[in-house]
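Visitor: Got a structure for you, questions after.
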Amino acid sequence: MGDRGGAGGTRRRRTGSRPSSHGGGGPAAAEEEVRDAAAGPDMGAAGDAPAPAPSKDADDGVASGHWELRCHRLQDSLFSSDSGFNNYRGILNWCVVMLILSNARLFLENLIKYGILVDPIQVVSLFLKDPYSWPAPCLVIAANVFAVAAFQVEKRLAVGALTEQAGLLLHVANLATILCFPAAVVLLVESITPVGSLLALMVHTILFLKLFSYRDVNLWCRRARAKAASAGKRASSAAAPHTVSYPDNLTYRDLYYFLFAPTLCYELNFPRSPRIRKRFLLRRILEMLFFTQLQVGLIQQWMVPTIQNSMKPFKDMDYSRIIERLLKLAVPNHLIWLIFFYWLFHSCLNAVAELMQFGDREFYRDWWNSESVTYFWQNWNIPVHKWCIRHFYKPMLRRGSSRWMARIGVFLASAFFHEYLVSVPLRMFRLWAFTGMMAQIPLAWFVGRFFQGNYGNAAVWLTLIIGQPIAVLMYVHDYYVLNYEAPVAGA
């Protein structure tokens, strides 16, 4: 390259001294000739040498207006992978514009076809069937009983009033009741609604996970204290003056801080932020209010009509229409899911963390870059992932289980809670959620085996976009048949 560049520069100087046979050259040719003449020495062996000023011969060449004899060089097209070009910002903007226009058309089509269906007052009926009966809020308040019971057991274990075996038995009974009691109320009390049931069961599920962690951490502290006592050591309190040590953590203040903190894993000393940022908190609260209204509006205006129109194809088993309705439902469902993710994991959890000065704000990672199903499940819900690793996966490994069996165990637990939170509020057990979660195991193997890089990322997005509407249609269809067609047939 250096020899060729130098030769080109020499040839231009030689031709520049000849009289022109073509008359005056255009300004573009003259500018190209000056640029190449100046760039010639930079392409030599001393590539870092500064470009010299144009020589007198080059100036003469510009004045005489010679055409450049060479205008091509070795290079790849921009879309070729070898070109090294990666600035596709304009194409990304084009995709965003096309997405906005496409959804605007769908929005106008929906308004023309159905009119305005958004009714904020109707949302109240989703939580309360009878204005004089509030079973869901009562269940949430009753959850305090289980938290106090776990606290009292730990207090007695700390002073030796209970043996570890008796404490374990009481904790198991308490944790089992946390899951069974609200489920029994939901199945037996007619005045509770599916949405109210879902919220109550979610509160009890979160309480179950938190108290499970609370019990484990206090047990580890007792074992560490007993080990230190048997070795003749005494815990040093001067090392960290502002930290809490066991059993000083066993207070109601500490317990309820943990219960309201945006985490499922208990610690004696949580990282704390120095102050409450009022502007940050205000932005998060405004986001919570805005996205709540947006989700309700999209569900009422977009999803509900699509689901209602999907019942007849399911009843007639018209597979082509079922696929068409599935794809039509995929867009609003996925959009609402993305909004829900931002609303919950960024707006809500950050607002709670800011109020409580909770320092660990890693509620999610870059799951949108997932190139495998496993990476997605490890990064989209960090509080649950940390709990599974700390209190389920690693304990199974310590007990001698293989990594493969531990992973299956984690997915089994996740599948159980997914089915618990769907089937019990709907009062029907179809195991679609359980099957969908367990199907993630072979799906993770398949995607990891046959798809890599961008293809793996596309496969993950495809499962998210298509998989969820399938489960939604399955449950809605069965719920519709069970609650609307069956009573009519019986009548």
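Cβ atoms here come from the backbone N, Cα and C positions, even for glycine.
Note that the structure is a prediction, hence the values are computed from the model and not measured.
Per Swiss-Prot, the features are:
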BINDING   TRP377, GLN378, ASN379, TRP380, ASN381, ILE382, PRO383, VAL384, HIS385, TYR393, ARG407, TYR480  acyl-CoA binding site
COMPBIAS  37-50  compositional bias 'Low complexity'
MOD_RES   SER20  phosphoserine
MOD_RES   SER21  phosphoserine
REGION    1-94  region 'Involved in homomerization'
REGION    1-60  region 'Disordered'
REGION    122-133  region 'Extracellular loop 1 (EL1)'
REGION    134-491  region 'MBOAT fold'
REGION    227-279  region 'Intracellular loop 1 (IL1)'
REGION    357-402  region 'Intracellular loop 2 (IL2)'
REGION    383-397  region 'Amphipathic helix (AH)'
SITE      GLU419  site 'Important for catalytic activity'
TOPO_DOM  1-86  topological domain 'Cytoplasmic'
TOPO_DOM  122-133  topological domain 'Lumenal'
TOPO_DOM  160-164  topological domain 'Cytoplasmic'
TOPO_DOM  188-194  topological domain 'Lumenal'
TOPO_DOM  227-276  topological domain 'Cytoplasmic'
TOPO_DOM  312-318  topological domain 'Lumenal'
TOPO_DOM  357-402  topological domain 'Cytoplasmic'
TOPO_DOM  424-431  topological domain 'Lumenal'
TOPO_DOM  485-491  topological domain 'Lumenal'
TRANSMEM  87-121  transmembrane segment
TRANSMEM  134-159  transmembrane segment
TRANSMEM  165-187  transmembrane segment
TRANSMEM  195-226  transmembrane segment
TRANSMEM  277-311  transmembrane segment
TRANSMEM  319-356  transmembrane segment
TRANSMEM  403-423  transmembrane segment
TRANSMEM  432-450  transmembrane segment
TRANSMEM  453-484  transmembrane segment
Visitor: Provide the three-state DSSP residue tally for the region 'Intracellular loop 1 (IL1)' (227-279): helix first, then strand, then coil.
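Guide: DSSP composition of the region 'Intracellular loop 1 (IL1)' (227-279): 15 helix, 1 strand, 37 coil.
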Visitor: Do any residues, 6 or more residues outside the transmembrane segment (277-311), come within under 8 Å Cβ-to-Cβ of it, and if so which ones?
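Guide: Result: 110, 113-114, 116-120, 122-123, 322, 325-326, 328-329, 332-333, 335-336, 339-340, 342-343, 346-348, 350-351, 354-355, 472-473, 476-477, 480.
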Visitor: Mind checking which residues of the chain, 6+ beyond the ends of the topological domain 'Cytoplasmic' (160-164), have their Cβ under 8 Å from one of its Cβ atoms?
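Guide: Here the qualifying positions are 153, 170, 219, 222.
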Visitor: Check ASN379 (acyl-CoA binding site) against DSSP and tell me helix, strand or coil, would you?
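Guide: In three-state terms, ASN379 (acyl-CoA binding site) counts as helix.
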Visitor: Starting from the Cβ of ARG407 (acyl-CoA binding site), draw a 10 Å sphere and report how many other Cβ atoms land inside it.
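Guide: Other Cβ atoms within 10 Å of ARG407 (acyl-CoA binding site): 18.
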Visitor: Are there any residues at least 6 positions away along the chain from PRO383 (acyl-CoA binding site) with a Cβ closer than 8 Å to its Cβ? List them or say none.
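Guide: For PRO383 (acyl-CoA binding site), the qualifying residues are PRO262, THR263, LEU264, CYS265, LEU349, PHE363.
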Visitor: Are there residues at least 6 beyond the ends of the region 'Amphipathic helix (AH)' (383-397) whose Cβ is under 8 Å from a Cβ of it, and what are they?
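Guide: 209, 212-213, 216, 262-265, 349, 363, 377, 403, 405-407, 409-410, 413-414.
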Visitor: Would you mind splitting the region 'Extracellular loop 1 (EL1)' (122-133) into helix, strand and coil residue counts from DSSP?
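Guide: With helix first, then strand, then coil, the region 'Extracellular loop 1 (EL1)' (122-133) has 6 helix, 2 strand, 4 coil.
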Visitor: Helix, strand, coil residue numbers for the topological domain 'Cytoplasmic' (160-164) per DSSP?
Guide: 1 helix, 0 strand, 4 coil
